[in-house]
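Student: Dumping what TrEMBL says about this protein:
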{"type": "DOMAIN", "residues": "21-88", "note": "domain 'HTH iclR-type'"}
{"type": "DOMAIN", "residues": "82-275", "note": "domain 'IclR-ED'"}
{"type": "DOMAIN", "residues": "304-366", "note": "domain 'HTH iclR-type'"}
{"type": "DOMAIN", "residues": "367-532", "note": "domain 'IclR-ED'"}
Amino acid sequence: MPAETTTPPPVPEAAVPAEAVAPLIRGVRVLRELTEAGGTLSLSGLERATGLARSTVDRITSTLARMGYVRLDGRDAVTTPRLMELGNAYLAALRLPALLSPRADALADELDESVSLAVADRDGIRFIHQATRRRAMSLSFRIGDLLPAERTAPGPLFASEWTDENWRAWRERRAADPVNRGFSAVPPRELPFPDSEFEARAAQAGRDGWALDDQLIEPGLVAVSVPVRDPRTGRIACVANVVSHTSRHTAADLRDTLLPRLRATVAEMERELAAAPDPDPGPPPSGSAAWIGASKHELGREFIESLARGLTVLTAFGEGRAALTLTDVARATGLARATARRALITYEHLGLVRGQPESRTFGLTPRVLSLGFPPLSRTSLPRIAAPHLADLSARVGESTALAVLVSSGPTAEIQYTARAVSPRIMGVDIRVGTRLPAAATSLGRVLLSDPEDSAASAGFARVRSQGYALLDEAWEDGLRTLAVPLRDRTGRAVAAVNVALHAAGRTAEECVAEILPELRLTASRIEQELHAAGHFTRVPLL
Ligand code: PHB
């Protein structure tokens, strides 16, 4: 065994149930290793990390690619933002991010410090929201990162509710992994502290109703935490944290100056939870069973149906769909009951789903966030778009670009944020970062025509109604460009994509007939990923 391994040390594992779906277990292993590697791993790297045969890795990655969850880029498998659908299903079902993140963000603005929300994940804590400050001196965790409870401020608060069984599991893990190698988000602990120290912190946190982290993760990093209680059960729903650096606040300082404001925010959060109406169950995903059958027909051996079916089960959950019966899951996914049941048994075994025997329902656990979420939660629109622009450029043999509006009014400008050049010698050459007058470019015109910008949009009614702009650009002789908008989840045009070509190459009519459908296809692929990424994170536009 190599010394550097991402797999946690051997805490005794429960035996695999006879009905578990082996290909689903292997597929989840591949997704976990890809996530641990930051979202990209070569196929041979995956083979080593998972211990699976190369042919198995190939079949799993082609199945995931077909589902839009990974992209195969040469020898690498790369997770795509579509994979965030799985974590989004958990976060939407949980509802806490939607209900509480506005208050967390407002507190971060007020204090000018990072504020986060974390839930308990067995004997660890996992982040479900981050309102992060941009500072040089700040290490900040990503949504979905898992930390050992004993090295955090929320940990002792959650531990104040632990059962004997929880404590036993925690001691076992500590004995097997005293330096936290199983937690890739934190540096290893060089001098492990005795169990009794955390036991005392948990008892104290239970009495105080708040807790501190005085550089338990890293020198300089300090945090103060307060539990947000579920108004129905009185138990801790999540913990709100203010995180700082010793260059600004000592831990004692955090307690004296910021704890009162954190407590006030938590009181508001608890009122928010108490007042929240029951969620409207959103629509389940549109029946996927038919799609899976077609993919199998097309790809044959390279498509693992049982993996695709199993992953679909996770997307049956969502807002207003937190606790589903087997019948609900089968209906939402279009899968046979027996298939849905075996997938749920597999997920329970993997700790991704928890069954509620009294109500005969199942729900997702925070561990679903370990399937791709942390690295993807830090993506940006240019990064999402880049592979799609390259693909479009290869399909149409022309240069393509992405741009955003960077100012408004009569002198509005666009800025190029990503592009892909065609292999032609006479290609269009506009570098990322270039700014141009918006009204003089097709990219700018589709952005100015968006109804939101009502003053500017008046002149571009036609662009708006046809959904694209086609222009012979005045600033470069012979350059013809065609652009369409990219819309966020709310329908607002946040960026535009274009194809730029030599006017001599295609007439305006040929551009519309031949290029526009390809451009629209690319825009819709980018939008799908942008919407998945933007559900619970803010995706930077440049
Ligand atoms: C964080 O949100 O980054 C955070 C929260 C609690 C800790 C440490 C870090 O104890």
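Cβ atoms here come from the backbone N, Cα and C positions, even for glycine.
Caution: TrEMBL annotation is automatic and unverified by curators.
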Student: Within the domain 'HTH iclR-type' (304-366), how many residues are helix, strand or coil going by DSSP?
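Tutor: Taking the domain 'HTH iclR-type' (304-366) as a whole: 33 helix, 11 strand, 19 coil.
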Student: For the domain 'HTH iclR-type' (304-366), would you mind checking the mean pLDDT of the predicted model?
Tutor: 97
Student: Tally of helix, strand and coil residues over the domain 'HTH iclR-type' (21-88) according to DSSP?
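Tutor: DSSP composition of the domain 'HTH iclR-type' (21-88): 44 helix, 11 strand, 13 coil.
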